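Trainee: According to TrEMBL, the protein carries these features:
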| type | residues | note |
| --- | --- | --- |
| COMPBIAS | 1-11 | compositional bias 'Basic and acidic residues' |
| REGION | 1-53 | region 'Disordered' |
| DOMAIN | 33-426 | domain 'Catalase core' |
| ACT_SITE | 80 | active site |
| ACT_SITE | 158 | active site |
| BINDING | 368 | heme binding site |
| REGION | 529-565 | region 'Disordered' |
| COMPBIAS | 555-565 | compositional bias 'Basic and acidic residues' |
């Protein structure tokens with residue numbers, strides 16, 4: 001028998017393709033099938049011995065159905081678990097302010113006025129689980145995946161423009177302190193402020209977080225920021241330090257704690273619903289992308305280090321330059337496939353961008369992609385939501401859930417290494433000048449020179465409106481009440497260093513007395529030390545919650561008696 005010239009192993013021309021729509025007799029496009037393509041003729045009853053007898057092991061359709069159901073979830077993100085997202089596009093202005101953007105970066109995503117690049121955006125809260133309320137006091141994640149002509153670029157940030165810490169080695173401890181207590185499984189202000197009282201660099205972030213800026217009204221009405229400092233590199237290899245900022249065209253709105261508590265009783269998915277319905281109704285949210293630029297270098301003339309992510313760059317010295325706009329105009333067709341499995345990483349940069357020596361950025365760059373390999377698998381980049389919209393050819397093979405082989409069209413399939421003389425893949429031609437910074441120094445573990453942990457926090461406090469300051473003080477006082485006097489004093493002294501009025505108001509709210517020189521009188525309260533295996537005081541409350549402890553007893557007092565059945 002002559003072999004069909006169109007047959008290659010299991011592939012036959014016209015059959016078995018990815019979009020094959022052949023039907024079994026009696027099938028239509030609406031017919032339910034198993035994952036193996038078998039028509040399902042009874043989806044209501046399992047196969048049993050008689051009507052009341054035991055089910056049999058060969059219930060293959062049931063076994064396939066229930067075993068897939070058992071595996072429908074992947075591990076949720078260790079942070080940013082609660083989230084939603086949408087598709088859209090980024091349109092470049094071709095300029096950075098009034099200058100051609102090519103003066104600063106050769107990244108093609110920014111060149112050519114009016115050029116559009118598809119994007120995927122995921123918004124999130126940070127600390128709590130994936131079904132937690134969207135009204136909690138928490139930073140919001142703002143992650144954007146650009147499917148550029150040069151490959152993917154991920155800009156992974158938050159709504160707030162600063163962070164709690166400046167060195168990634170502290171990150172696991174920070175998150176452990178903010179996460180629920182491993183014994184009680186309750187977020188606890190005593191643990192949070194125990195950590196923060198030893199972390200003066202967090203004062204700027206805490207001032208934002210415990211003000212109304214810690215609870216955005218929804219995802220459409222909040223800013224976004226890359227938080228860390230990156231670099232732009234032009235065609236000559238010259239580099240600039242760069243900060244990214246998303247500014248919402250539709251405005252900014254925040255909530256007080258009282259307003260958030262009221263909303264939570266009505267709808268704990270309000271931000272997800274708002275984003276989805278706005279896009280469905282054609283009310284597409286839009287953000288302008290702005291950058292701040294600074295010549296690459298230490299900039300010792302500044303009273304802060306430009307690589308310190310706990311600091312803002314003063315806008316009067318480093319103005320916001322508009323470089324483009326982003327519009328979200330399409331909801332996901334399947335949330336899990338497109339949003340839950342979306343994987344972002346700070347190390348995903350394109351040509352014309354580079355890393356700075358920002359310590360948090362360098363730590364995030366490993367951690368983000370590493371957690372995706374754990375959460376989704378080694379081949380997470382083969383999922384459609386994560387894969388680049390361009391040519392991909394690698395020598396990476398196999399691994400769990402290999403979807404396809406990233407093989408070049410003319411690559412010898414026997415050769416998955418490089419270099420090779422047998423028609424394997426080859427390195428690309430170097431057509432641009434690389435940025436080559438010179439770094440010299442001793443290997444050491446040390447703090448940066450210009451910490452200046454209190455100045456910008458005080459400036460932020462003074463720029464708040466009265467209602468924002470009032471809400472900030474109320475939230476901090478209520479959150480610090482369960483803490484020991486030692487922790488309260490430490491926190492008040494640090495707030496005082498930020499601004500005297502700031503520290504005085506928090507201290508007075510906690511019932512503290514002050515000496516004539518303005519310092520806290522620590523003699524009026526006895527010290528409380530933790531007993532072995534316990535935290536002092538009663539179980540703490542979630543961040544910013546004013547009456548969480550009262551609610552425990554209220555639930556019992558207000559409950560209605562019922563008879564057992």
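Note that Cβ sites are derived from N, Cα and C of the backbone, with glycine treated the same way.
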Trainee: Would you count the other C-beta atoms found within 10 angstroms of the C-beta of the residue listed as 'heme binding site' for me?
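Mentor: Around the residue listed as 'heme binding site', other Cβ atoms within 10 Å: 18.
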Trainee: Within its own chain, what residues at least 6 apart in sequence put their Cβ under 8 Å from the Cβ of residue 80 (active site), listed in sequence order?
Mentor: 122, 124, 125, 126, 141, 143
Trainee: Which residues does residue 158 (active site) neighbour through Cβ under 8 Å, counting only same-chain ones at least six apart?
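Mentor: Same-chain residues close to residue 158 (active site) (Cβ under 8 Å, separated by 6 or more) are 126, 139, 140, 141, 142, 224, 225, 227.
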Trainee: Three states by DSSP: which one describes residue 368 (heme binding site)?
Mentor: helix
